[in-house]
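According to TrEMBL, the protein carries these features:
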- 1-28: signal peptide (SIGNAL)
- 57-116: domain 'Chitin-binding type-2' (DOMAIN)
- 126-186: domain 'Chitin-binding type-2' (DOMAIN)
- 191-258: domain 'Chitin-binding type-2' (DOMAIN)
Amino acid sequence: MLKEAFILASLLTVWSLCGTFFERGVVAQPAPTGDNANTNLEDKYYYEDSYDYYETEEPAQVDAASFDLSELVTAWKEYYECNIKGEEKEELCPDGFAFDIKSENCDYPTKVNCTGRPELQTPQPSKNCPRANGFFAFPANESCQKFWDCRGGMSYLQVCPQGVIFDPNIDACTTPDQSNRPECAAGKFLGFECPQYDLEEELRFGNHDRLPHPLDCQKFFTCLRDGQPRLGACPRKKVFNHETGHCSDPKIVPGCETFWEEKLATEEDYPEYY
(Lines of atoms letter the chains of each structure in order from A; the text may use other names.)
(Lines give C-alpha, C1' and ligand atoms only; values in the text may rest on other atoms or scores of the structure.)
Protein backbone atom coordinates (compact mmCIF):
# COMPACT_ATOMS: atom_id res chain seq x y z
CA MET A 1 0.00 0.00 0.00
CA LEU A 2 1.42 3.38 -0.97
CA LYS A 3 2.26 5.78 1.82
CA GLU A 4 2.16 9.55 1.46
CA ALA A 5 5.39 11.34 2.37
CA PHE A 6 5.90 14.90 3.49
CA ILE A 7 9.06 16.96 3.10
CA LEU A 8 9.81 19.20 6.04
CA ALA A 9 12.17 21.62 4.29
CA SER A 10 14.10 24.46 5.78
CA LEU A 11 17.22 26.50 5.14
CA LEU A 12 19.75 26.15 7.92
CA THR A 13 22.54 28.62 8.47
CA VAL A 14 26.13 27.68 9.10
CA TRP A 15 26.44 29.73 12.22
CA SER A 16 29.78 31.43 11.70
CA LEU A 17 29.48 31.79 7.93
CA CYS A 18 27.23 34.68 7.06
CA GLY A 19 27.08 33.65 3.42
CA THR A 20 26.56 29.97 4.20
CA PHE A 21 23.43 27.94 4.68
CA PHE A 22 22.04 24.57 3.66
CA GLU A 23 18.57 23.52 2.67
CA ARG A 24 17.40 20.58 4.73
CA GLY A 25 14.80 18.17 3.43
CA VAL A 26 13.39 15.95 6.17
CA VAL A 27 11.08 13.18 5.01
CA ALA A 28 8.44 12.04 7.47
CA GLN A 29 6.18 9.05 6.98
CA PRO A 30 3.07 8.00 8.94
CA ALA A 31 4.02 7.45 12.54
CA PRO A 32 4.94 3.85 13.35
CA THR A 33 3.48 2.12 16.36
CA GLY A 34 5.28 0.72 19.33
CA ASP A 35 8.55 1.90 20.83
CA ASN A 36 9.60 3.75 17.67
CA ALA A 37 6.44 5.84 17.45
CA ASN A 38 6.95 9.56 16.78
CA THR A 39 4.10 11.32 18.54
CA ASN A 40 4.95 14.63 16.82
CA LEU A 41 3.80 13.36 13.43
CA GLU A 42 0.28 13.41 12.07
CA ASP A 43 -1.34 10.37 10.46
CA LYS A 44 -0.59 11.43 6.89
CA TYR A 45 1.90 13.69 5.16
CA TYR A 46 2.52 14.83 1.63
CA TYR A 47 5.45 16.26 -0.33
CA GLU A 48 4.82 19.23 -2.56
CA ASP A 49 7.30 20.95 -4.85
CA SER A 50 6.77 23.37 -7.70
CA TYR A 51 5.67 20.64 -10.08
CA ASP A 52 3.52 17.93 -8.53
CA TYR A 53 2.58 15.76 -5.58
CA TYR A 54 4.47 12.53 -5.01
CA GLU A 55 3.67 9.27 -3.31
CA THR A 56 6.34 6.86 -2.23
CA GLU A 57 6.22 3.34 -0.88
CA GLU A 58 9.50 3.55 1.03
CA PRO A 59 10.16 7.18 1.91
CA ALA A 60 13.64 7.88 3.19
CA GLN A 61 13.91 9.00 6.80
CA VAL A 62 16.30 11.75 7.81
CA ASP A 63 16.33 12.77 11.44
CA ALA A 64 16.42 16.56 11.78
CA ALA A 65 18.52 16.21 14.91
CA SER A 66 21.19 14.25 13.05
CA PHE A 67 22.56 17.32 11.26
CA ASP A 68 25.82 18.27 12.97
CA LEU A 69 26.70 21.92 12.38
CA SER A 70 29.76 21.88 14.64
CA GLU A 71 32.15 21.19 11.77
CA LEU A 72 30.53 23.70 9.42
CA VAL A 73 31.07 26.86 11.46
CA THR A 74 33.62 28.88 9.47
CA ALA A 75 32.14 31.64 7.25
CA TRP A 76 29.02 33.70 6.50
CA LYS A 77 28.68 33.28 2.75
CA GLU A 78 28.06 29.53 2.38
CA TYR A 79 25.03 27.31 2.62
CA TYR A 80 24.38 23.58 2.36
CA GLU A 81 21.62 22.23 0.19
CA CYS A 82 20.31 18.80 1.16
CA ASN A 83 18.17 16.68 -1.11
CA ILE A 84 15.48 14.17 -0.20
CA LYS A 85 18.14 11.48 0.39
CA GLY A 86 19.91 13.59 2.97
CA GLU A 87 22.85 14.27 0.67
CA GLU A 88 24.34 17.69 1.32
CA LYS A 89 25.94 20.04 -1.16
CA GLU A 90 27.83 23.13 -0.09
CA GLU A 91 26.82 26.30 -1.90
CA LEU A 92 28.21 29.83 -1.80
CA CYS A 93 26.40 33.11 -2.07
CA PRO A 94 27.85 35.18 -4.94
CA ASP A 95 30.99 37.04 -3.91
CA GLY A 96 30.04 40.13 -1.94
CA PHE A 97 26.73 38.77 -0.67
CA ALA A 98 25.84 37.17 2.66
CA PHE A 99 23.13 34.70 3.59
CA ASP A 100 20.09 36.24 5.28
CA ILE A 101 18.50 33.83 7.75
CA LYS A 102 15.12 35.58 7.78
CA SER A 103 14.55 35.87 4.04
CA GLU A 104 16.52 32.68 3.25
CA ASN A 105 18.27 34.53 0.43
CA CYS A 106 21.66 36.02 -0.32
CA ASP A 107 21.78 39.80 0.15
CA TYR A 108 24.17 42.69 0.69
CA PRO A 109 26.02 42.40 4.04
CA THR A 110 24.67 45.76 5.22
CA LYS A 111 21.17 44.23 5.09
CA VAL A 112 22.08 40.99 6.86
CA ASN A 113 22.57 40.32 10.56
CA CYS A 114 25.87 38.47 10.63
CA THR A 115 26.43 38.52 14.38
CA GLY A 116 28.64 35.55 15.23
CA ARG A 117 29.31 34.83 11.56
CA PRO A 118 32.10 37.26 10.67
CA GLU A 119 33.84 35.52 7.79
CA LEU A 120 33.33 35.96 4.05
CA GLN A 121 34.70 33.97 1.16
CA THR A 122 37.95 34.87 -0.59
CA PRO A 123 37.35 38.08 -2.61
CA GLN A 124 37.06 37.92 -6.38
CA PRO A 125 38.24 41.45 -7.23
CA SER A 126 38.14 43.15 -10.60
CA LYS A 127 38.79 46.67 -11.83
CA ASN A 128 37.24 49.14 -9.36
CA CYS A 129 35.57 46.27 -7.46
CA PRO A 130 37.16 44.81 -4.31
CA ARG A 131 34.46 42.13 -4.55
CA ALA A 132 32.32 40.96 -7.44
CA ASN A 133 29.17 42.50 -5.94
CA GLY A 134 28.61 45.48 -3.68
CA PHE A 135 28.89 49.23 -3.34
CA PHE A 136 32.35 50.70 -2.79
CA ALA A 137 33.15 54.30 -1.88
CA PHE A 138 35.80 56.39 -3.57
CA PRO A 139 38.64 57.53 -1.30
CA ALA A 140 37.46 60.65 0.53
CA ASN A 141 40.34 62.70 -0.87
CA GLU A 142 38.93 62.03 -4.35
CA SER A 143 35.20 62.26 -3.71
CA CYS A 144 32.75 61.81 -0.84
CA GLN A 145 29.86 61.49 -3.29
CA LYS A 146 31.10 58.92 -5.80
CA PHE A 147 30.97 55.15 -5.42
CA TRP A 148 31.20 52.03 -7.55
CA ASP A 149 28.13 49.84 -8.00
CA CYS A 150 29.65 46.40 -8.69
CA ARG A 151 27.51 43.66 -10.20
CA GLY A 152 29.06 40.38 -11.21
CA GLY A 153 32.49 41.97 -11.39
CA MET A 154 31.36 44.86 -13.61
CA SER A 155 31.69 48.36 -12.13
CA TYR A 156 29.21 51.20 -12.67
CA LEU A 157 30.02 54.72 -11.49
CA GLN A 158 27.35 56.29 -9.29
CA VAL A 159 27.25 59.78 -7.79
CA CYS A 160 25.14 60.91 -4.84
CA PRO A 161 23.04 64.07 -5.36
CA GLN A 162 24.46 67.44 -4.42
CA GLY A 163 24.78 67.99 -0.70
CA VAL A 164 24.82 64.32 0.34
CA ILE A 165 27.59 61.74 0.55
CA PHE A 166 27.88 57.99 0.11
CA ASP A 167 27.93 56.04 3.38
CA PRO A 168 29.39 52.51 2.98
CA ASN A 169 27.94 51.51 6.35
CA ILE A 170 24.42 51.64 4.92
CA ASP A 171 25.19 51.41 1.18
CA ALA A 172 23.24 54.60 0.55
CA CYS A 173 23.54 58.34 0.13
CA THR A 174 22.88 60.41 3.24
CA THR A 175 23.57 63.85 4.68
CA PRO A 176 27.10 64.21 6.10
CA ASP A 177 25.86 64.81 9.65
CA GLN A 178 24.06 61.43 9.58
CA SER A 179 27.10 59.55 8.31
CA ASN A 180 30.03 58.09 10.19
CA ARG A 181 32.68 59.27 7.73
CA PRO A 182 34.77 61.83 9.64
CA GLU A 183 36.80 62.59 6.53
CA CYS A 184 33.54 63.79 4.93
CA ALA A 185 32.30 65.83 7.89
CA ALA A 186 29.48 68.23 7.05
CA GLY A 187 31.38 71.49 7.48
CA LYS A 188 34.39 70.27 5.54
CA PHE A 189 32.37 68.66 2.75
CA LEU A 190 29.94 71.55 2.29
CA GLY A 191 32.49 74.29 2.90
CA PHE A 192 30.21 76.05 5.36
CA GLU A 193 30.24 76.46 9.13
CA CYS A 194 27.04 77.13 11.05
CA PRO A 195 26.93 79.29 14.17
CA GLN A 196 27.23 77.50 17.49
CA TYR A 197 23.86 77.74 19.21
CA ASP A 198 23.18 77.62 22.94
CA LEU A 199 20.92 74.83 24.12
CA GLU A 200 18.36 77.36 25.37
CA GLU A 201 18.57 79.57 22.28
CA GLU A 202 15.32 79.85 20.35
CA LEU A 203 15.75 79.08 16.65
CA ARG A 204 13.45 80.35 13.92
CA PHE A 205 12.28 76.91 12.83
CA GLY A 206 12.28 75.01 16.09
CA ASN A 207 15.28 72.71 15.85
CA HIS A 208 17.11 74.63 13.11
CA ASP A 209 17.69 77.92 11.34
CA ARG A 210 18.26 78.62 7.65
CA LEU A 211 21.08 80.73 6.27
CA PRO A 212 21.83 81.82 2.69
CA HIS A 213 24.51 80.22 0.55
CA PRO A 214 27.26 82.82 0.09
CA LEU A 215 27.61 82.23 -3.68
CA ASP A 216 24.26 80.89 -4.94
CA CYS A 217 20.89 82.63 -4.49
CA GLN A 218 18.98 79.40 -5.05
CA LYS A 219 20.73 77.48 -2.26
CA PHE A 220 20.69 77.77 1.50
CA PHE A 221 21.96 75.91 4.53
CA THR A 222 19.84 74.34 7.22
CA CYS A 223 21.80 74.81 10.45
CA LEU A 224 20.93 72.25 13.10
CA ARG A 225 21.08 73.03 16.79
CA ASP A 226 24.33 71.06 17.13
CA GLY A 227 25.96 73.33 14.52
CA GLN A 228 25.86 70.81 11.67
CA PRO A 229 24.91 72.21 8.23
CA ARG A 230 22.74 70.60 5.56
CA LEU A 231 22.52 71.92 2.02
CA GLY A 232 19.10 72.88 0.68
CA ALA A 233 17.81 74.51 -2.50
CA CYS A 234 14.78 76.44 -3.65
CA PRO A 235 12.66 75.31 -6.62
CA ARG A 236 13.31 76.54 -10.13
CA LYS A 237 12.71 80.27 -10.62
CA LYS A 238 12.83 80.90 -6.84
CA VAL A 239 15.61 82.18 -4.58
CA PHE A 240 16.24 81.93 -0.87
CA ASN A 241 14.99 84.86 1.17
CA HIS A 242 17.12 85.28 4.26
CA GLU A 243 14.60 87.62 5.91
CA THR A 244 11.81 85.05 5.91
CA GLY A 245 13.85 81.84 5.75
CA HIS A 246 11.71 80.70 2.81
CA CYS A 247 11.94 80.70 -0.99
CA SER A 248 10.66 83.81 -2.75
CA ASP A 249 10.41 85.54 -6.09
CA PRO A 250 13.83 86.95 -7.09
CA LYS A 251 12.37 90.42 -7.56
CA ILE A 252 11.84 90.89 -3.82
CA VAL A 253 15.23 89.56 -2.67
CA PRO A 254 17.99 92.20 -2.80
CA GLY A 255 21.01 91.05 -4.75
CA CYS A 256 19.18 88.13 -6.40
CA GLU A 257 16.87 90.03 -8.77
CA THR A 258 18.59 88.83 -11.97
CA PHE A 259 19.89 85.50 -10.65
CA TRP A 260 17.61 83.26 -12.74
CA GLU A 261 17.86 85.35 -15.89
CA GLU A 262 21.63 84.95 -15.82
CA LYS A 263 21.51 81.29 -14.80
CA LEU A 264 19.05 80.23 -17.50
CA ALA A 265 21.00 82.09 -20.15
CA THR A 266 23.97 79.81 -19.51
CA GLU A 267 22.05 76.52 -19.36
CA GLU A 268 21.54 74.30 -22.38
CA ASP A 269 17.93 73.41 -21.66
CA TYR A 270 14.42 74.74 -22.13
CA PRO A 271 13.33 77.03 -19.27
CA GLU A 272 9.68 76.58 -20.15
CA TYR A 273 9.83 73.04 -18.83
CA TYR A 274 10.51 74.29 -15.32
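Don't overthink the numbers, they just go from 1 along the chain as shown.
Glycine residues also receive a Cβ, built from the backbone N, Cα and C atoms like all the rest.
Each residue in the domain 'Chitin-binding type-2' (191-258) has a pLDDT score, and their mean in this model is 96. With DSSP classes pooled into helix, strand and coil, the tally for the domain 'Chitin-binding type-2' (126-186) is 7 helix, 24 strand, 30 coil.
Across the domain 'Chitin-binding type-2' (191-258), DSSP helix (H, G, I), strand (E, B) and coil residues number 3 helix, 24 strand, 41 coil.
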